[in-house]
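Structure, as structure tokens:
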């Protein structure tokens, strides 16, 4: 399956569910307490992160999608911290604050990135998250996906009202389920239990065949649009009526902390579906995102640049021959990491030592080098009959194999001016003995503040001379 980056900015999502604050006390441990056989942690830093449904909304916003959140909190300092964090991340949060009841807080005591202890501050809420004076229809206005983030803490008490209201508007409903009664999610477009949650409902599964069979029965009984079972190191299994099961292997390179991985899955799914992606593609993106987030410490969000880079790596486009869409994604990701983009162009028909030296010098002008080459018809117009000697595919393959070159792209026009307008490199480099103002595209690059540099050519290195020498020897 070919992966691509969705248009998350056009994908508004509403999250309703159990809001909590994940609080971390970071410190170091160097001795045992004289009072009891326990380590003493000297706290050096206190960190707050949105958790539960708030983490789902945060993940959606981090991908660039408009995110709204409805939940219940106490009327306390923890709720203030949550509100400030979410506002800073661009999440529109609507909290019902309950006096004399604490916001749910999960406090983790950390020593050198190892969790020593977790302390929970919570009382189940008896109040409906939607007792805000707002109507369900108003909340769903303009929304493309509804997420029910259920941690069984009492904020979600009206599953069916929400599901039916969304279905009436044609809005998909995604639910991250909890508890032993999945009937409350009847009619949802997709539910995303982990394996233990799934088996608590359907019974143990000896193998994938049994998982698929029991999953199909569950979908039928609950009128579900689809079922995604997350299976840890075994990846994910997507089940849909009248479709074969889709098994996706785990993508994690290194598992550091699984906290919040389920939130990342459902948030990526929601944002991708809201952006118009088909379910299998959305699941593949969620699988990729989960593989990234488990490599982070604690409750964490995945950013759009991180997902882009993972897609590029998956599609083999982190380096090499790219189309324009892939190149623009790669450039955006590089810029997100403060990398300087260098651009050069040419025919590069027969690659020689002069080319290699020139490209190494060009790469030294920044962090990433794009080489744009004329396609075959363009070379023929410029160089005359009998050229190019090598086809555009072969020329790009050779260039992509050079250590100095990050990305190679072809263009059909006589000049790369259209590419320059799209890519907007930080530096345009050309080899030759002419002035900067004579470089094709210099005016385009200088207009937006980019730099133009001319590098000298290596003497006695010429493709035309090589071609003539070969012809004379025949």
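Any Cβ shown, glycine's included, is placed from N, Cα and C.
Lifted from Swiss-Prot, the feature list:
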ACT_SITE  263  active site
BINDING   194, 195, 196, 197  ATP binding site
REGION    1-318  region 'Ribokinase'
REGION    343-474  region 'Cytidylyltransferase'
Residue 196 (ATP binding site) and the residue listed as 'active site', Cα-Cα, nearest whole angstrom: 16
Distant-in-sequence Cβ neighbours of residue 194 (ATP binding site), under 8 Å, six or more positions away: 229, 230, 231, 232, 262
Beyond the site residues 194, 195, 196, 197: chain residues whose C-beta lies within 8 Å of the centroid, for ATP: 193, 198, 199, 200, 229, 230, 231
Predicted model, mean pLDDT over the region 'Cytidylyltransferase' (343-474): 86
Cβ atoms near residue 196 (ATP binding site) (within 10 Å, other residues, all chains): 9
Residues that sit under 8 angstroms from residue 197 (ATP binding site) by C-beta distance, when 6+ apart in the chain: 177, 178
